[in-house]
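Enquirer: According to TrEMBL, the protein carries these features:
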COMPBIAS  575-589  compositional bias 'Basic and acidic residues'
COMPBIAS  605-615  compositional bias 'Basic residues'
COMPBIAS  667-676  compositional bias 'Acidic residues'
DOMAIN    10-38  domain 'DEAD-box RNA helicase Q'
DOMAIN    293-459  domain 'Helicase C-terminal'
REGION    563-645  region 'Disordered'
REGION    657-676  region 'Disordered'
MOTIF     10-38  motif 'Q motif'
Amino acid sequence: MSSNAYAGSWASLPTTLTPWIMDVIQSMGYSQMTPVQASTIPLFMQHKDVVVEAVTGSGKTLAFVIPVLERLMRREGKLRNNELGALIISPTRELATQIHSVFSLFLSSQPGSDISLDEDRPITSSTSSSNLTCPPPLLVVSSDSPPADDIKRFLSTGADIVVGTPGRIEEFLLGRGRDIVNVKELEVLVLDEADRLLDLGFQNTLTRILTHLPKQRRTGLFSATMTDADALSELVRVGLRNPARIVVKVQTKKSKKSDSKDGERQAKRDVIEERRIPANLQNFYLSCRASEKLLQLARIVSHEVIQHRSARFIVYFSTCACVEYFYRIISPFLPPQTTLYSLHGHLPPATRTRTLFNFASSLALPSTPSVLLATDVAARGLDLPDVDVVVQFDPPSDPKAFSHRCGRTARAGRSGRAWVLLVGRERDYVDFLAIRKIPLMEHRAFSAEGLEQTSGTSSESEDTEVISMQIEIRKVLMTDRALHDKAAKAFVSFVRAYSKHEAAYIFRIKDLDLVGVAKSFGLLRLPRMPELNGVPRLDWQDALINWNSFAYIDKAREAKRLSDAEKQSSASASSDKRRAERAQKRKENASWSNKASKTEEKLIRKEKKTRKRKWQKEQDAGIEDATGLKRALGNPDAESDGDDDWKEMAREERMAKKVKQGVVSQEDFDGEFGGS
Ligand SMILES: Nc1ncnc2c1ncn2[C@@H]1O[C@H](COP(=O)(O)OP(=O)(O)OP(=O)(O)O)[C@@H](O)[C@H]1O
C-alpha cells in the first residue's frame, strides 16, 4: 500500500490486540492499519454496531475479522460444541470461501494449535475443549456435499465461527439445524457486501435469519457501496441498534483550469476530488460502434500488454451465456500464449473453485497473459492478487457493480487500470457515474495499428476489420453447430439482459444497433426474436451455409438432430397430406352446395308459380276488400317476398300471355322462369 493509505500502527489501537493475532498480522507484512481498519476495529471490538463504507481493496475484511476473533478470545467461558459465536454472511460462495480462508489462517496460528487448514479434520473430545482456544471456522456454502453435511461438520469440529451464503445459512440455522445449532451465545454478526445482501433477491432469507438470532449481538455491515438509504433503514429495522457509520473517503488532487482573478487568463489549480474508487485506479471509457466491441476489446488487451506490460486481466460480460460463448471464440484475437479462464454462476461449484484458484495462481507475464472472462459473480469482494486490468465489455445491469468490478484491480494501494466499452448513447453513462463520484477518462478507440483513433469518439465509418473478424468467427462457428447454438443463445441472453438494465433511460434496446451487436458476436444469421422485428437489415448478410447438413461435432447430438429432422419432415409431409385432403373436401363441399342452391332456387320458383296461380284465380274471381287493397291471404307480398316478387310475377304473367300469342317461344319462357 502507498504510505498515504495507512492510518497508524497496530499498536496505536486503544485496546491491545491478542499477541498471537498481532503476530499473524505481522507475518502478513502489514505493519500499519489502513484507514478503514483504524476507524472500525476499536468500535466493533467494543459494544458498537457498525455500518462501514470504504472503497474496494481498502482492507475491510481484516476490519471485521480481527474484532470477531478478539471478541471470541475474550469470552469468559468456552462455547459448547453446538453453540455458535459468530456468523459471517456473504452473497457469493467465492467470497465466503475467501473470508473463511482468512479466519482459518489466523486460527491455525493460535499458540498450541494443531489446526491444519483442513477444516474437515475431526476434532476428538480431548482436543475440542482443552488445547484449542478457538476451533476452526466452518464454511457453509453450496457445494458438492449436501446441506446435512454442514451440520455433521459443525458438530464434529465444534466451530465457533460460521461463514456462508444466505440460502445455505438459512438451511443450516432454520432447516435441518433448527434444533441442533444453538445461537443463544452468538456475539457477532457480519454482513459482508451488505447492500447486495439487502437486494430483493436475498431480503426475505436474510430477514428470517436475522429474526432467528439473539438481539444482544453486535452487528457489522460492510461494503464499498453502502449508499442505499432505504436498504439501510430496512436493516436498522431488522436489528442494528444505534450503529456507528464509518465512511472512508478517497480524495485525490486534480488539476483544473480556472479563470485567474482578472478573468482573462486560464490558470491551473489543484482541486481535491472525492471519489468512490481507489486513488490509484485509472478508469477509462472507450466509445465505439456495437459491431466494433470485440475488435476494441482485443486491441485494449494488446495495448495493455505492449504499453503497460499488463499480464492479468478480468473481462466482464453481462450473462453466463456470453461468457461461455466468448470463452470459446475469443482466443484467436488475443495475444498468442494467452491463457483463458471462465467464471459464471452456471458452472458447478467445484469448477468455479478450481477456475478461481488456477487463475489466481497462474504465472501471468506480459508474454503469457492470463485473462478471466466473468459475470458479476466475480464482481464483488474477490481479492485476486495482481489483477492489472479490468475490462467491462458490457456495462453492468446494476450500476453498483461498476465500482466493484473496477475494484478487482488497484487493490491495497497498488495501481491498476479499468476500461469500459460504451456504444452510442451509452456515452451518457459517463455523466451518470460522475454524479456517483466515479470519474472516467475518455480514451479514443484504437486503430488497427494499436494507436488512438484521431477522429471523434465514434469513427465515421465502421472499422474495416469488423468484417474480417466476423468472417474469422463464422469460420470457427461453422466447424460445429453447437458453437452456432451457443452464439445465438449468448446474443439472445445479451439482448434480454440489456432490456433489464437498471439505468433504463440510458440503456434502451431501441437505441442499440442490434445488427452491429450480431456482427460483433459473429452470428451466422439473426435469431428470430421480437426485439429484431422491424430492425433494418441493410447492413446484414447471413452466412452462406447449408443448414440441413450443418452438423454437431458431438456424434450423439448430431444423431439426435438428424432423427429429429427426419421425424419433423415426415410429420410435415403427413400434415401436408392432411392439408391437401382438407382442401379437396372443401372443394367438393363447395360444388355440392352450388348444386343444392340451384335445386333450392327451382323449388322457390315453383312455389312462387303455385302461389301466383292461386292469386291469379282469386284476381279473376274479383276478390277485393272494401279499401281496394289486395287481401293479405292472397297477396304474395304479405309473405314477405317484397315488391320485386310482385313485379316478377307480373312480368311472368305478361310473358305467358305472349307465349300463348306465339310471340315468345315456350323455350325462352322456361329459360327465363325456370319451368320444371
Ligand atoms: N493493513 C494492511 N496493510 C497492507 N495490506 C493490507 C492491510 N489490510 C489488508 N490488506 C490487503 O489488502 C487487500 C484488500 O483487502 P480486502 O480484501 O479486505 O479489501 P476490501 O476492502 O474488503 O475490498 P472489497 O470491497 O473489494 O471487498 C488484501 O490483499 C489484504 O490482504
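Each residue, glycine too, has its Cβ placed from N, Cα and C.
Relative to the rest of the structure, where do these features sit?
Expert: Remark: secondary structure over the compositional bias 'Basic residues' (605-615) totals 11 helix, 0 strand, 0 coil, with classes taken from DSSP.
Across the domain 'DEAD-box RNA helicase Q' (10-38), DSSP assigns 16 helix, 1 strand, 12 coil.
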Enquirer: Any residues 6+ beyond the ends of the motif 'Q motif' (10-38) with a Cβ under 8 Å from its own?
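Expert: For the motif 'Q motif' (10-38), the far contacts come to 1, 45-46, 52, 54, 58-60, 62-63, 66, 69-70, 73, 105-106, 109-111, 246, 248.
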Enquirer: With DSSP as the reference, give the number of residues of the compositional bias 'Basic and acidic residues' (575-589) in helix, strand and coil.
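Expert: Secondary-structure breakdown of the compositional bias 'Basic and acidic residues' (575-589): 15 helix, 0 strand, 0 coil.
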